[in-house]
């Protein structure tokens, strides 16, 4: 069974992330969205909420599972029986970092391959950081995130106002 692990902070999950998950769900038997705690990134949403948002966005995909984690990614992949890391590349600028990460993961988990997918071009410019910035300034984010995510962002920024 091919099990792919798609790790990230997903703060929040975007339509770009969703696009990669949908495509991965057609390529692999089982897709695990691995939502990293990432405390050093100081996420806008707590881990539990990011996991719940990702579950809501992907609930129509029966072979997709969403799990939060705070351990080393290589260890988590082994625990989950994953044999592939999925990473998205939006632009050439993403490649250098992802290449280093893939090489480090290969050292830590030699049985797990890294696979890079580019998003559909309509999502290639979307990032969680940009979505948060637009939402914080009251902009329309409906083209970039699922409605449940847009609602969560609106609610979060109301509380901060």
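The count begins at 1 with the first shown residue.
Note: Cβ is positioned from N, Cα and C throughout, glycine not excepted.
What you see is a predicted model, and the numbers here were worked out from it, not measured in a lab.
Per Swiss-Prot, the features are:
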- 9, 10, 17, 88, 89, 90, 98, 123, 124, 125, 126, 127, 128, 129: ATP binding site (BINDING)
- 9, 41, 73, 87: substrate binding site (BINDING)
- 17: site 'Transition state stabilizer' (SITE)
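Features recorded in Swiss-Prot, as mapped to the structure shown.
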residue: 9; record: ATP binding site; contacts (Cβ under 8 Å, 6+ apart): 35, 36, 38, 41, 43, 50, 128
residue: 17; record: ATP binding site; contacts (Cβ under 8 Å, 6+ apart): 6, 8, 10, 54, 57, 88
residue: 73; record: substrate binding site; contacts (Cβ under 8 Å, 6+ apart): 5, 7, 34, 36, 85, 105, 108, 109
residue: 87; record: substrate binding site; contacts (Cβ under 8 Å, 6+ apart): 6, 7, 98, 101, 102, 114, 115, 116, 117
residue: 89; record: ATP binding site; contacts (Cβ under 8 Å, 6+ apart): 95, 98, 116, 117, 118
residue: 124; record: ATP binding site; contacts (Cβ under 8 Å, 6+ apart): 16, 90, 91, 118
residue: 126; record: ATP binding site; contacts (Cβ under 8 Å, 6+ apart): 14, 15, 16, 90, 119, 144
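In the three-state DSSP reading, residue 89 (ATP binding site) counts as coil. Overall, the recorded ATP-binding residues 9, 10, 17, 88, 89, 90, 98, 123, 124, 125, 126, 127, 128, 129 cover a maximum inter-Cα distance of 19 Å. Ranked by how many other Cβ atoms sit within 10 Å of their Cβ, the binding-site residues 41, 98, 128 place 41 at the bottom.
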